[in-house]
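Below you'll find the structure, written out as structure tokens, and then a few comments.
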Amino acid sequence: MKISCFLLMIFFLSCFQINPVAVLDTIKCLQGNNNCHIQKCPWFLLQVSTCYKGKGRCCQKRRWFARSHVYHV
């Protein structure tokens, strides 16, 4: 019984290893000071890429005014 529990534990641990390559899109998003959302980005954020192995969305703050609309004094 102990051996079968041990083998079962080894099997589960080998199945649920974290893949460091699978989260590269999430790391890239967070390094750009963006946010990762599972569902659609809120209206005040723009989607710029993906997160969580393509299952989420990388959202960035919108630019409310373009530089061409700013009046210089």
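Count begins at 1; order follows the chain as displayed.
Every residue, even glycine, has its Cβ placed from backbone N, Cα and C.
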Per Swiss-Prot, the disulfide partner of Cys58, chosen from Cys15, Cys29: Cys29
Spatial separation of Cys36 (disulfide bond) from Cys59 (disulfide bond) - C-alpha basis, Å: 6
Packing count at Cys29 (disulfide bond) (other Cβ atoms within 10 Å of its Cβ): 23
Number of Cβ atoms other than its own within 10 Å, given for Cys59 (disulfide bond): 21
Cys41 (disulfide bond) versus disulfide-bonded residues Cys29, Cys51, Cys58 - nearest by Cα: Cys58
Cβ-Cβ distance under 8 Å to Cys36 (disulfide bond), same chain, at least six residues away: Thr26, Cys29, Leu30, Cys51, Tyr52, Gly56, Arg57, Cys58, Cys59
